[in-house]
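The next block holds one structure in the form of structure tokens; read it before the comments.
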Amino acid sequence: MLSERSKRQMSDQPGEEQTAEVRQRRVPDSPEEKKHLKAPERDDVRPTSDESDMDALMQDDDSDAGLKENKKDELERLTKSIPQDKGSLGEFADSMLESLPPRWRNWVVRGLFTVIMISTFTFIVNRGATWLMFLVFLIQFKCFQEIISIGLAVYRLYDFPWFRALSWYFLLTSNYFFFGESLIDYWGIVLKKDNFLHFLVAYHRLVSFALYCIGFVSFVLSLRKGYYMRQFSLFAWTHLTLLLIVSQSFFIIQNIFQGLIWFLAPVAMIICCDVMSYMFGFFWGKTPLIKLSPKKTWEGFIGGAFSTVIFGILLSLALYNRPFFVCPVQHYQTDSSNCTIPLAFQLQDYPVPRPFSFIYKILRKEPAVQLCPFVFHSIALSLFASILGPFGGFFASGFKRAFKIKDFGDVIPGHGGLMDRFDCQLLMGTFVMVYIHSFIRVPDASKLIKQIMTLEPNEQLDIFNLLKSELSKTGLL
């Protein structure tokens, strides 16, 4: 129980209309009162002002129940305005499929556009690295738009200024920071120009930071009294989207530079896992896998994983001896007819373990097989694609459930938005980059030479003398 003096002070507290005054925790007058004093309510312990919207976010008063309910209904209405896939192929095609049960109708639509997407992807892959990079950027922009459109529903609700423009500005700025140096080097090789846009390479980080500062200052100037919490939430929303989309697409393009196979194989594995998991789950799925995705089943998960490993091995055997796919892009662009095949794609002898070696002895053959190391790398990649890759989809499912939407968009009938199809690809691209740097990549001599040539002449001579000394010690000179 509170003392009489405490009750009088609590009854004299200012009302809702006086929230501009700073509220402070009252200090008990005596040890006896301190024992019986209850913990104050949330509003009594947090300093605040009329410029903060934290009270509006945290308040539970009945007097605001109607306003909160209206805001909630308005937010749900705007969220539902995000395009959702209905599996429509047009009036003519829909009339032909209307006799099918919904489950089989969705199967036909989904299968048709899967074939279309795989055919388009195959065509772009055969056009080379430049087309693939444009494809990655196109997918990146569309995925960013689909995620930001959910935040834009909140933006429209509270009429925040500049949110749409600033979101796209930060996207362009992030792309310049991540891709500036590598793409300028790439186009310098393609166009066969030395020191191509050298100024942007030399001062790349300074220019990137200056561009970000412009966006940062613009955001601060856009802050509106009474909406700070919501605006900072959307600011964090934009940056989290950039982290998920731009950084992952950067890793994917870095994989392309290592050789088209490091892009093609992981992407194809994810596609195979998606298709085969859907097929196994459609025909034999009975046991639910995870609550976030009720349609996912253990049968589909296991069937997809097994199919993906087999597919990865077959794909690696089909592509390992084709320079167009296995050579680093810059080397292939420089001299496509004389590209050195990396060690990961050169055939090596591997002893056959017992008891299988006994068969070779009966046939009077050496118990060894010739395989390229990439076959074993493909097994590791396919296991990740089939076991951990789907969790990118589960993450996206949880995100959509949080906002009560079924799809990120309706650009692909039967599938939803691009983000619905590429949620697993982003996680896979990051893993491939880490895998390459951990087990595959070796220093690029041409890039080392370029860095050395930017040094002063006396520093270049020091490097030459040190290298000469080390090579003499090892007996190479």
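Every residue, even glycine, has its Cβ placed from backbone N, Cα and C.
Curation plays no part in TrEMBL annotations; they are all automatic predictions.
If you check TrEMBL, you get these features:
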COMPBIAS  1-10  compositional bias 'Basic and acidic residues'
COMPBIAS  20-49  compositional bias 'Basic and acidic residues'
COMPBIAS  50-64  compositional bias 'Acidic residues'
REGION    1-68  region 'Disordered'
TRANSMEM  107-125  transmembrane segment
TRANSMEM  131-155  transmembrane segment
TRANSMEM  167-189  transmembrane segment
TRANSMEM  201-222  transmembrane segment
TRANSMEM  234-253  transmembrane segment
TRANSMEM  259-285  transmembrane segment
TRANSMEM  297-320  transmembrane segment
TRANSMEM  374-396  transmembrane segment
Open item on the list: With a cut-off of 8 Å between Cβ atoms, can you find at least three pairs linking the transmembrane segment (374-396) to the transmembrane segment (259-285)? Only pairs 6 or more residues apart in sequence count.
Closed with: yes
Task: Cβ-Cβ under 8 Å with the transmembrane segment (259-285): same-chain residues at least 6 beyond its ends - done: 107, 110, 114, 118, 121, 125, 128-129, 132, 252, 295-305, 307-308, 311-312, 315-316, 319-320, 324-329, 342, 345, 374, 378, 381-382, 385-386, 389-390, 421, 424-425, 428-429, 431-432, 436
- [ ] Report, as numbers and ranges, which residues of the same chain sit near the transmembrane segment (234-253): CB under 8 Å and 6 or more residues beyond its ends.
- [x] 133, 136-137, 139-140, 143-144, 147-148, 151, 154-155, 160, 163, 166-167, 170-171, 174-175, 178-179, 182, 219, 263, 425-427, 429-430, 432-433
Open item on the list: Counting only residues 6 or more past its boundaries, what in the same chain has a CB within less than 8 Å of a CB in the transmembrane segment (131-155)?
Closed with: 75, 78-79, 81-82, 124-125, 163-164, 167, 171, 175, 183, 230, 234, 237-238, 241-242, 244-246, 249, 252-253, 256, 260, 263, 403, 405, 408-409, 411, 417-419, 422
